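Below is one structure; the comments refer to it alone.
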């Protein structure tokens, strides 16, 4: 062998050894250095999770009547992966489906778009889930129609019919309770990505609002998971785990379905009555609370919507209407989220303030037709001069001018615009004593906090708005450039951070920037009724299993007490009874066989409706009963409803009539919803066979 | 002194033995590779066939049958003095070229995975003439390149040209199939043999340049099929084609990687069982080793190949006969590049080409050819002292 051959052979040998070394290195990298990563990748290739959603727990009222249950529906679903592959992106297919199912093409189109695919503002009715799950366009298809679809797979590619469990709100006694119950819907990508310790699976439905979301972790149960190992053709080669689903537990609420239905009806009637009397009456809320426990027996908000509409398949119009200003935003729960000036119902706070300030509650005061406060004139309700009266009467007839005088005098004593450092602030402190800005602690999502227009509020308001008012001519719209508004803006710019005389006077009668939720006012009146205990407002009573085992009980917490002398509370109770006996609500409750105590409120509202008309007054009636041994607090509020008594007072009377079994002016004890005089304290039996609690019981 | 006498002793002892003059290490290594290959072919096909209600040992039986035929061929090659082989070489070469022509005739040859490379035989057997062409080219080239005029120790330019002609015709026919994987292996063998023959370095450099520019022109001119270009693209960017070859390469990598250090255990690989990797009893058999035997097992296979190749180098070095050395060199380059192409593809280092893994993959023609190659190595070894 010559040297050249020898050298070549060596070169080839070195080359080949290095190739083998390279393979070795690569093998090490894949199997040892990145082995874990590839093991995960392999697992995701081989395994498929088949999720069986658990049967969702039902929601019942205090006596076991179902408010939310489940039923079997026939869903028609669209597979976007298949449909998007069609040459026309499924347009013809969706048109055929619309014809067959008697739906609108536009709704099917919108319902099958992922929310992320649509521009902001046009998302109404979009699919909140993902592209990889079949998207239902209806869950209540007719079986004959479904068969036509399944048999003509050539005409309906990617369309499937399958039985699904659907959430059903059975509406016994025509109950609605939409704002309380909420609804369930598909998981969103955010739910899947969220790190709140809950593990979700793509095919699950979860609570989206109301009690459904509040108690979702109990109601949802644990979905069953069957993991199978598949081959390349997706045929199953073996099973690696099979865990059965665990059904969700049931929620027992303190609601009473009959009282809830009666409250909803009374609320709606009050709105219609307001409209009949010429008021806009665009919204309302009513709450019934057990003053001894804080439990909510009924809560309604107007306008409302059909809680079943989601499962039926929400049309685009329905979805838009839910949040439409023109339709008064039916999605909003006004009992917990609506903020309104409490008007004269707030005078219970003013009584406490006057007492603290040393005014003799039994002395008599002038109730003139108007009071001059600085350069402005504040008129009594209807500019009526009602003569001299004691505070008790002042509450009964709802005199405003007495409170104007006291509030103005106290404001002056505290230094007026130049507030003293050792000021008393009796009115603000009285509001604090009622703990009005604390939340009610209701077990519903997104409760709004009430707001007291005190000195801190004024300061923060000013910080946010001074730029606008101090540059009013540049910032404000043309149509807001009237001489009066420019003058007002100039005043706001100068001393908008201070409590002015007008603010102090308005505060004393619950007007101005002080706003409360109807539920907070209910809690406050319940506290007056029970002698001072502020109970957390709670709807959920317990989580139970079908066999009756109690998983968890919920007891309202004692959030605090009214920081008011017992004698003053007694005084308030007497005054509130006077309102109904001979005051502003006497006519409404004339002849009513159960003693009611309460307070009317008629709140002025500034601003204009979308149609340009001035806004009508807020109508309030806050009450409790029976007066001598209070058990229930009932509050109704009608937005733009006009007078407190005639609109809301009548509504509250209707609620008490159902509650106590009053027919006309006659008490029919057998007709009372709670014959023992109190809501049931025992938990009901859960029956999955939906039962309608009817007249037989 | 005693060493030589001991060796002579050994030779006389084995003179009558059936495996007289064989390199035992080479035989053991090849035996182990065949044994592992048999297990892997079985593991790759057992679940798949059982699930389809077919005989789970179908591939196992046929594979063993192939090995037995291959062993007879290998033994046949070793017992004939390789110097006599020269006489048969034109026949072998001619048969290979004929086979490659038949493959191209519609109706006789048939296409699989984009290459017209097979001739169907009765009984469900197929023959791939390109595999036999490798043997024909190596022996034919070795024959010409080892011819020497008395005053020279290197082949003349004329001889080199002649030897290239021996390779050119079969290569041209394989290009028409097209089977780029086999062409690469033959090219590697050709260049290596010319380099080791002692021919002028210009030849080696020229051939390498030719290979590079030829490949470039082939892609540009569209001689290489779209299918080949796609495979090459997915090698550069595995995400380019998620369903086709990109999918296969990614699956192969995942399957090997998921084996980890010790593997999932023989006959117990979910990736293999699910047949996520295609052709896993043939071109992608190394994924089965990777998944089920892990780094320890698949690394051992690499070591076995390394030992085999080092033994072959040692034979090439020890022989005094240029013809024998060139045959060895050709076989080494063939085995090494085919192994590198196959495993490199599986591990994502090489573009996707459909070449079997020597001694391990299922497939008759390849098994016969590689065992003949092994026989040639043993033949040269047996006559080291002859």
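Using the three backbone atoms N, Cα and C, a Cβ is placed for every residue, glycine included.
What TrEMBL records for B:21-44 (among others) is transmembrane segment.
Sequence annotations record features per position, and here TrEMBL assigns transmembrane segment to B:64-84 (among others). Long-range contacts of the transmembrane segment (B:64-84) within its own chain (CB-CB distance under 8 A, at least 6 residues past either end) are made by residues 22, 34, 38, 321, 323-324, 327, 362-364, 367-368, 370-372, 374-376, 378-380, 382-383, 386.
Annotation comment: TrEMBL describes B:91-110 (among others) as transmembrane segment.
Sequence annotations record features per position, and here TrEMBL assigns transmembrane segment to B:130-147 (among others).
What TrEMBL records for B:159-176 (among others) is transmembrane segment.
Residues annotated as transmembrane segment in TrEMBL: B:182-199 (among others). If one looks beyond the transmembrane segment (B:182-199) by at least 6 residues along the same chain, the residues whose Cβ comes under 8 Å of a Cβ in the stretch are 117, 130-131, 133-134, 137-138, 141-142, 145-146, 153-155, 157, 159-160, 163-164, 167, 170-171, 174-175, 207-208, 211, 316, 322, 325-326, 329-330, 332-334, 336-338, 341, 353, 355.
Feature annotation from TrEMBL assigns transmembrane segment to B:204-223 (among others).
Annotation comment: TrEMBL describes B:293-310 (among others) as transmembrane segment.
Look at TrEMBL and you will find B:322-340 (among others) tagged as transmembrane segment. Non-local neighbours of the transmembrane segment (B:322-340) in the same chain are 82-83, 86, 134, 137-139, 141-143, 145-146, 148, 184-186, 188-189, 191-193, 196-197, 305, 308-309, 312-313, 315-316, 350, 355-358, 370, 373, 376-377, 380, 383; each lies 6+ residues outside the stretch with a CB under 8 Å from one of its CB atoms.
Under the heading transmembrane segment, TrEMBL lists B:360-377 (among others).
The transmembrane segment (B:91-110) shares more Cβ pairs under 8 Å with B:130-147 than with any other stretch in the list B:21-44, B:130-147, B:159-176, B:293-310, B:360-377. If you look at the transmembrane segment (B:130-147), the same-chain residues 6 or more away from its ends with a CB under 8 A from one of its CBs are 85-86, 89-90, 92-93, 95-97, 99-100, 103, 117, 155, 159-160, 162-163, 166-167, 170, 174, 177, 179, 182, 185-186, 189-190, 193-194, 197, 199, 321-323, 326-327, 330-331, 334, 365-366, 368-369, 372-373, 376. The list of residues near the transmembrane segment (B:159-176) in space but at least 6 beyond its ends in sequence, with Cβ under 8 angstroms from a Cβ of it, reads 93, 96-97, 100-101, 103-104, 116-117, 130, 133, 136-137, 140-141, 144-145, 147, 182-183, 186-187, 190, 193-194, 197, 199-200, 203, 223.
Beyond the transmembrane segment (B:360-377), the same-chain residues lying 6 or more positions past its ends with a Cβ under 8 Å from any Cβ of the stretch are 23, 26, 30, 33-34, 36-37, 40-41, 44-45, 59, 62-63, 66-67, 69-71, 73-78, 82, 125-132, 134-135, 138-139, 281-283, 285-286, 289, 301, 311-312, 315, 327-328, 331, 334-335, 342.
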